[in-house]
Amino acid sequence: MRPAPTPPALPPGHAAGQTWRSMMAEAFDEACLAAQEGEIPIGAALFDAKGELLARARNRNISLCDPSAHAEILCLREAGAMLRNHRLTGSVLAVTLEPCLMCVGALLHARVAGILFAAADPKAGALTSNLDGANLPFANHRPWVIQGVLAEDCSALLKRFFLARRK
């Protein structure tokens, strides 16, 4: 089994001012919108190999009555439809919370090059917390993974959201 590739030092499109933080900021904006809509505040943004934004999405499980309407899945659907391709080779996904097993599977099938996530998810995370999803021995694709970019902001948003719901 070959390990997941080492993440690049600079993001795609860094010459155009793209940084890991600016990529995650796109996802964070979506998470904030999700919170305003009463959805669990998770956002995602997908970028092509040059660092251009392909798609942005937020969790819509509640409003769409769809357990698969996670931000990551909706991003992949939007980008795939736009590019008219189920393979999103070379792309990078920024997401505010560590992806779950369903989302990791979809990201592997889409062949994303890299996954950038903010906050770890000790309950359901499938990239580092509970499973090494980027290095599954049976998978034929291994994306690189970077974690912790804007983690404090993303974690705080989730905590505020759930505290408010419990009141």
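Including glycine, each Cβ sits where the backbone N, Cα and C put it.
Glu72 (active site, proton donor) carries a helical DSSP state (H, G or I). Around Glu72 (active site, proton donor), taking its Cβ as the centre, 28 other Cβ atoms fall within 10 Å, counting all chains. What TrEMBL records for Glu72 is active site, proton donor.
Long-range neighbours of His70 (Zn(2+) binding site) (same chain, six or more residues apart, CB within less than 8 Å of its CB): Ile42, Asn59, Asn61, Pro99, Cys100, Met102, Cys103. The Zn(2+) binding site feature in TrEMBL is assigned to His70, Cys100, Cys103.
According to TrEMBL, the domain 'CMP/dCMP-type deaminase' annotation covers 18-130. Taking the domain 'CMP/dCMP-type deaminase' (18-130) as a whole, pLDDT averages 96 in the prediction.
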How many other Cβ atoms are found within 10 Å of the Cβ atom of Cys100 (Zn(2+) binding site), counting all protein chains shown?
-> 22
